[in-house]
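Asks: Starting off with a structure, shown below.
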Amino acid sequence: MADVYTNPEKHVVLSNNVKMPILGLGTSHDGGYSHEAVVYALKNCGYRHIDTAKRYGCERYIAQAVKASGVPREEIFLATKCWPTDYGTTTTKEALLGSCERLAVDYLDMYLMHWPEVSSGVKDRKQLLQETWRALEVLLDEERVRVIGVSNFLERHLEMILEECSVVPHVNQCEFHPFNNPKVLRQFCADRNIQFEGFSPLAKGLALRQPSVITIAGSHEKTPSQVLIRWSLQSNVPSIPKSTKLERVMDNSKVFDFVECECHG
């Protein structure tokens, strides 16, 4: 089994005792998709957590990359998301099965509700969100997925789910970096044993030019991106940086070998 599941520094244990690698590779339709980068991340850099979404349109390509990497399926934590147009009792299950088919897997490691916002034509958003969450609970019970959660949910959105749920969301995935650190939301999640996970750890590249980040990077002989990712991990927030460039994919993985920064969340 991969080092990420045996080394406590490299994973978090969720409320249902599932281990989730604390560092993952994000994918997106923005900036394109690189088959080579995903294969390289799995085969050469030790990544075992791949994050995607139906919305990104690259699930089929990820299936090809996983196969090409030669890494066993059971070692890879595959996460994808349900887009709001698929929310609902039956459509959520259909969406998950569709993602499984495109990813060429029998189950998902994590399935998230992508956004709390729904179509303006929906009469009762709260009811739709609750129905969708109940569908995820059924899929969890059927072992179609190991971890269920949400993405981009604020406290008021989580309250809608918590009001009726049988299973508290295991994860809430939101934007997270030193310049977008929602401490109240993070505490809300921590109090309810919901793991907060972060995307865009580099603030879409904007944080790389911050003088404070550059100074810390120099003092540790690391790159600004490595410092920013490490900051997330030291805050116990799993991070899923994106890149299609092989050298950056490798650089982003080298965040477990330096003294902790004097910057905490």
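Cβ coordinates are placed from backbone N, Cα and C, and glycine is handled just like the others.
This is the feature table in TrEMBL:
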DOMAIN    33-258  domain 'NADP-dependent oxidoreductase'
ACT_SITE  Tyr56  active site, proton donor
SITE      Lys81  site 'Lowers pKa of active site Tyr'
BINDING   His114  substrate binding site
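Walk me through where these features lie, including what they touch and how far apart they are.
Replies: The Cβ of Tyr56 (active site, proton donor) has 19 other Cβ atoms within 10 Å, all protein chains considered.
Just so you know, the Cβ of Lys81 (site 'Lowers pKa of active site Tyr') picks up 24 other Cβ atoms within 10 Å once every protein chain is counted.
Taking a C-beta cut-off of under 8 Å and a sequence gap of six or more, His114 (substrate binding site) has these contacts in its own chain: Ala53, Arg55, Lys81, Cys82, Trp83, Pro84, Ser151, Asn152.
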